[in-house]
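Here is what TrEMBL says about this protein:
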BINDING   121, 144-147, 210-212, 216, 263-266, 446, 457-458  substrate binding site
BINDING   140, 142, 364  Mg(2+) binding site
BINDING   140, 301, 360-369, 371, 394-397, 421, 448, 454  ATP binding site
DOMAIN    200-298  domain 'Glutathione synthase substrate-binding'
């Protein structure tokens, strides 16, 4: 869009149209000043123009999503693999250790849950290597509370209009339809159906502060359209109102719960003793958890790093050589910082050349990774301590920046050099041992200015975008 980016008058006019279109389409968030109120809202931040995405890499990301769904589901059923892989991490990372303890406790008691629902989002960047050909590289896979499936379902329409206003009607027609909200709701509805009680409700487990409520409402409304009742509860409500009957059916306020869809529970800060007890109660129940605790553990950075080791994928997915090849083709270099010679060597390499790497703790939700000087300082401090095993090291991806305008409420309109991250939503349902649903459910493109190393939309750094395939 080089011609447009330089035309200040056209940009101003398009931006005014874009903001109104976003409000009309429901691309909304509550404000930071009034995060509990829906009577004062603003548009969620988004790009003025859709961003170019290589078609071949976009198609590759979609083609591998069912393989990732299968892999995550397989790992969640493999106690031995989770135990071995997380052994060093749970010694030094209290949050992962507590999740793991609940996982073991529930297994010892025997699982009451027989239907399993996974909603994950696999995130990628486009790496421009030395020969400048772009390659798809997985950043991470989110197995809990993967968000923005709702708002991104409404963003393409806004970009379609903007392109038309800018005289690019032909280009506008090339933007793909995209509705993750529908795909995610389909998975939840399927799990609800297999649970087998018409009266039972779907419970969205939500945060105390719900700025991103409209994103969730998009999925929620799809369920109401299918005549499935939805309730919204917090951990505190579960602690106060939740109970199990003799066959471990979950009741909230006397209502049976078929599916618990977590939009909360991925950061240590939300757990006090009561909330840990509430989490245990949910895990012990027969209700379909999305995710169950094993699937949350399958999404840890340590598991991601272990999967990149030679032979690991083959062991986990025997008889699926094509899937293994497709998955492995997306991996960036990932390195263990476990204690021992190999870990020492990797730590020393990163301290010597920190700009080559990203240091990742076992955390979700954006804004946790360390780069450059900060990476060097932290590694210097922990290089001789077991604490380093709570991190993994990853090659830093080098995407190709492009010019765009990031539209944010109360921010000046200015051009930025930007990079993008593509997420593919995946949904699967397993009953007993049989996968009864396994599909990609849509995509999410997020874009940020290059001065921000880390952070997503909810963290206030990235903005919503639409891919324009080239």
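For all residues, glycine too, the Cβ spot is worked out from N, Cα and C.
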Revision key, fill the gap. Between the C-alpha atoms of residue 457 (substrate binding site) and residue 448 (ATP binding site), the distance in angstrom, to the nearest integer, is 9
Point to revise | Cα distance (Å, whole number) from residue 448 (ATP binding site) to residue 364 (Mg(2+) binding site) | key: 18
Study note, to complete from the structure: Within 10 angstroms of the C-beta of residue 371 (ATP binding site), the count of other C-beta atoms across all shown chains comes to 15
Study note, to complete from the structure: In DSSP terms, the domain 'Glutathione synthase substrate-binding' (200-298) comprises 41 helix, 26 strand, 32 coil
Check your understanding: Tell me which residues of the chain lie with their Cβ under 8 angstroms from that of residue 145 (substrate binding site), as long as they are six or more apart in sequence?
Key -> 262, 263, 264, 265, 266, 364
**Study point:** the domain 'Glutathione synthase substrate-binding' (200-298) [mean pLDDT, rounded to integer]
**Key:** 97
Study note, to complete from the structure: Nearest to residue 371 (ATP binding site) by C-alpha distance, among the binding-site residues 142, 211, 216, is 142
Check your understanding: Nearest to residue 361 (ATP binding site) by Cα, among 121, 142, 147, 211, 216 (binding-site residues)?
Key -> 142
Review point. Using C-alpha atoms, which one of the binding-site residues 140, 211, 216 comes nearest to residue 396 (ATP binding site)?
Key: 140
